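K.L.:
So that we are looking at the same thing, I have put the structure below in structure tokens.
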Amino acid sequence: MAEVGQLFWGRNSWLFLLLMLRGVCSSFINVNHGVKVMKGHSVFLSEEDLQFSIPREKDACKVEVVMNEPITQRTGKLTPQVFDCHFLPKEVKYTHNGCPLLDEDIVMLRLYRFTEMETFTETFILRVQLLEPDCNIIKMSSNILEVPEFYGLSRVIDKNVLTFDYGRRINLECTISLATLQTLLPAHGQVVIGEPQQEEPRGDHPHSFPPQHRTDQKCRSGNCIPGLKTIQSAKVSCEEFLQMGLKYQHLDPPSPDMDYIPIRLDLTDSRSKTVHKSEYAWLPVRIKGAILNQAPQAAFMAMFILEVDQFILSPLTTAILDAEDSETPKSLLIFNITKLPPQGYITHLSDHTKPVTSFTWADLNEMLIAYQPPNNSHTERRNYEVEFEVHDFYFERSSPITVYISIRTTDTNAPRVSWNTGLSLLEGQSHPITWEQFQIVDNDDINSVRLVTIDGLQHGQLTVRGGKGFMFTVSDLQAGVVRYHHDDSDSTKDYVVFRIFDGRHNIRHKFPINILPKDDSPPFLISNVVIELHEGQTILIQGSMLQASDMDSSDDYIFFNITKSSHAGEIMKKPGPDLIGGEVFEDSFEFLLCDRHDPPNLSEPQVVVIVHIIPVDDQLPKEALGVTRHLTVKETEIAHLTKTHLHFVDTEAQGRELIYTIITPPFFPSTHGHTDAGKLFMVDSITKLVKDPAAPALRSFTQHAVNYMKIAYMPPMQDIGPEPQHARFIFSVSNQHGGTLYGICFNITILPVDNQAPEIFTSQLKVEEGGVRTITRGHILISDVDTKWENLRIYLQRPPLHGTVELDEFPMNEGNKFTCEDLRMFKVRYRHDGSEILQDDILFAATDGINSLEFVLQVKVLPVNDEPPVMNSDLIPSMQCPEGEEVLITSEYIYATDADSDDMKLMFMLARQPYHGVLRRAGLIVDRFSQSDVVSGVVTYQHTSGEIGQTPCFDILTFVVSDGEASPHLNNCCYDGPGPPPVPLHDSFPVYDLNVTILPLDNQPPSIATGAMFVVDEAFSAAITINHLFATDLDTTADDLEFILVSPPQFGYIENILPSPGFEKSNMGISIASFQLKHLKALHINYVQSRHRRIEPTTDQFMLYVTDGKHRSVETPFYILINPTNDEVPEFVARNITVQEGQMKELDPSIINVVDLDIPQDHLMFTIGQQPRHGCLINGVYGNDVTHYKHLISSHQNCELPVHDFSMMLLKDGMRLMYMHDDSESLADGFTIQLSDGKHKVLRTISVKVIPVNDEKPVLSKKDELEVTMGEARIISSAFLSAEDKDTPRERIYYLFERIPENGQLQLKVSLCTLTKNKQTNNSH
């Protein structure tokens, strides 16, 4: 939850809030910097924080704290609720409640600018930055309270958990208040006191039963465990609070892992009972086993849709918007609007004229939150979105919750209120109700609308054109003649309920009136207690004795103006001298109460009565004339206190004894090194009047002892130094009746005595051979406790044997002197004579003019190195090193000698680092080594720059030979001086160059690299270039590199078109398994895509590596991208069809089908090469309805039916290719179709077999008259009677008789047998 402070409200919420709060175009706010306050503290608002550009006029403007926005003031409160724009310095205060979770708070303020006719309103935000306190009185330990389990108890709240740091001054009381009911904390537990008691075993629970965890003790009320008492509110002293034995009891899982106990600390003046300082804090409690606080979420059962009628204020309910949180009760959830509706606003029904940006779940549940639609009408339904965030008790916020608002259109002739902003005015003012504040619409007749006052007006009245306003019209509103007059009472709210009617319809509507108070009432007394005191007594008039209040302003600014003083005393802000004493009488004083208003409001004269002034013996001791209260004494002596130094008398009884009590023993008021400032003692307590540390110090004594010189002062036992010191002790003097004078000072001057010799501390002086060294205070440290440093002198008693002492560069002789100031200014030096003696000493004497002390300064002489090393002349100037290897540097290559140093300790230092390698000693990289390392064979040169290529490279090792570490005295165990100087005294160091030749080695494998993607067309070849494939080898020439194929390509081969040596014919078409890089560069290497028939490869690859003849690279794949081409002849399958005469047949994929192996698919196009002779190919858009097709063809409406060409895509997309027979008597037909893929053409013939249908009537083709003679029989042949049928053979045509001959008969000749067929006349054809 420590992170919740950053999640209080987002930047978007701030933007929405500020956009909604901007009420006017030009702001009255001149300065709004916000305030900064320490957590748990309070701060007053000043003009540097908030200032308005409004003139200082009486009752010109007011500022009101908006209280119905729960998203504001979540961690504190701004008081008072209403204040003047030009507020006083300590009038407006923000108090933080101690919450540690947030780092920022906001306060919403509403400014009212009053004029005679109008009130201007502006709402704005005051930001409160919460800072971590740096000097809290309440100190919390890092060892916070912890509950070990759910329903458990914490340890006791004591000084290990909480401490209070307030100095514990006199008259300052520290109290702690525990108010859990007001803050709703702890949220998941309670504060208890006492120890839990174990229940007595019952008969049904024998002792032998194993102990079980009693679940019935877990109850939310917290009263289940006997012995514990709930503490809901308490106010005790700070010490008592830590000794009460308070504990935290957990009651309510599930809960967050942290809970808090709120406390308030008050530091109160015990005399005036005024609160000196207050501080708030939340004491954290960790609940073990609990999880972090979870964010709220939207309720599952809510609809999140609000249906409203235009102009109608519609409430939101929990059925529309709801949220839930597992740790926070619903009543404490806060809804914050993060996305406002584009039109209209969310409002609180306590004042539905003003929008709100947040509200509580409790208000939502009580239906106090509503949506006010816009005041403009629309003919269509409007839909808006509003977004909310839900904040829980610990400031966690939910994900955005969207509520959809749908505004229905309404059509009514009843009058409606389309706009209502209410009226704001100052107490006692009268303002018109204008059309901008209260608007009414009526569809049919706005002029007939009347408004009648039926309720409200509890603190004012309405007038219309100056007369009593009972009823008025809309035109009166528009003219601004309807005014509200406030009755100047101390009221803050009023309202008017109007009945609005147009003759047929009427509605009721409430018009709110907000009244801002003004400071026009004087203060009044609420407490005036009779005071009783003794003569001369000064009594503090506390708030409980005399207290006033003001209804219109803060009580802190009430003044008590005394108009008639008391007769026997004086009213003071601080205690003063007594005025009278003696008889008993009554006294009083009068005053007026006034506030800080301009001009101030004055009360009636008030009287305070003081009674029972009782005479007392109240005279205090008085100091006698001529007393100095000052003593002067030497630091080695003892001085008596006499009546001249200290003498007081009792004015009421001269003979009474006075007692002196030492409140503060002698001390040094100014900064002094000693804590001992001497003491007062009784002279009879020591045998000899000298400084004695065993003498007991006095705490009290009498004036009688002073008179008889029994009291003396003993200076400090330690030396006070060279300057006089001033000591002091503080005492009180009292008489026998308790009259006491406090805080009286007695001054003592202690004079120094020079009786101490100087103290000397020396440090060895080190100087180089033949050199000069300054003698400083670091070598001779001199001090004298009773002599000033500048008064000390040093004499040269004996000069040094191997050098001289110089002062200001002039040699000193025996008996010469110098001062400490000369040492500080570096004027004293020691100069060595250059001899080889390494020790010397000087005898000095230090004196303060009275005491002296001799001392010896030891001198250490350091030898110098002045001979440079020399390189040998017979050294080999160069050496060889194979590439990447390490060679030994021996004394044949580098060796030096030094006349005054050990040759083995000469140091060789690299002047610059080698370019191609490193210098190593015993395996470690170094930049210096000694000559003994070279002789020992541990110094090597290693080549490290990697591959050098095919030619040798050169490196230079430049050494500087140094003898700086070769001093022979370094081996001396007794030598404790510094090493030789970094730059020896000889002129220069020798420099030597050792040349290194690095020989190349073929030790690196070549590397292979692939570049751009290799692309080849299907069935073609392409050259492989160095942009596709390349190889490098740092130690091999490129022409010697050869590529070896590990695995050949799958769909092709590699060829080298270069002719073989001695031949002219190209090797094109011959697969190879290796090729050289130089041939690749010359574009002789091709990849041939050879396998492509009936397969469509899109990629290919082969594995290869490169070799230089000795080393080879890693195997690398070479990828080939094959672009498909149209290389496959499509396979065209066409099957013959059978169709009935006059019918149609669909040429579906079972009849016409194509397979094209090309990828991607080619565009296949069919063309009718030869149309059928006895039918046609049509597009079967009308299904199988042959009649419809024939009708279209006969009516010449077949422009879309015949098919001459079509694509395979059309067939796949649903085209129905139909063959339709022309209903002729043909038994066969055929047509040809040509398929083309853009490159290849395939021709197919489809034969059509026609199944005949007997659908034609027979027709007489010949009918001649037959002439026969009487009795003659004659054959009726085809010459006389013949019939034809287009779809029936002639032998199968039958003749049916409709009527038989009357004068003869018909006979059928069948195989020489004559048969007579008599046909019945009823037979029909």
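Each residue, glycine too, has its Cβ placed from N, Cα and C.
So TrEMBL says this about it:
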type	residues	note
SIGNAL	1-27	signal peptide
DOMAIN	30-263	domain 'FRAS1-related extracellular matrix protein N-terminal'
REGION	197-217	region 'Disordered'
COMPBIAS	199-217	compositional bias 'Basic and acidic residues'
REPEAT	295-389	repeat 'CSPG'
REPEAT	414-501	repeat 'CSPG'
REPEAT	622-734	repeat 'CSPG'
REPEAT	756-847	repeat 'CSPG'
REPEAT	867-962	repeat 'CSPG'
REPEAT	1005-1107	repeat 'CSPG'
REPEAT	1128-1236	repeat 'CSPG'
K.L.:
Go through 295-389, 622-734, 1005-1107, 1128-1236 and flag the stretch with the largest number of C-beta pairs under 8 Å relative to the repeat 'CSPG' (756-847).
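P.N.:
If we count Cβ pairs closer than 8 Å to the repeat 'CSPG' (756-847), 622-734 scores highest.
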K.L.:
Would you list the DSSP helix, strand and coil counts for the residues of the repeat 'CSPG' (756-847)?
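P.N.:
Taking each residue of the repeat 'CSPG' (756-847) in turn, the totals are 8 helix, 45 strand, 39 coil.
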K.L.:
Residue counts in helix (H, G, I), strand (E, B) and coil for the repeat 'CSPG' (1128-1236), per DSSP?
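P.N.:
Output for the repeat 'CSPG' (1128-1236) reads 14 helix, 44 strand, 51 coil.
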K.L.:
If I take every residue in the repeat 'CSPG' (756-847) and average their pLDDT values, what number comes out?
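P.N.:
Across the repeat 'CSPG' (756-847), the average pLDDT comes out at 88.
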K.L.:
By DSSP, what is the split of the repeat 'CSPG' (867-962) into helix, strand and coil residues?
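P.N.:
Final tally across the stretch: 9 helix, 43 strand, 44 coil.
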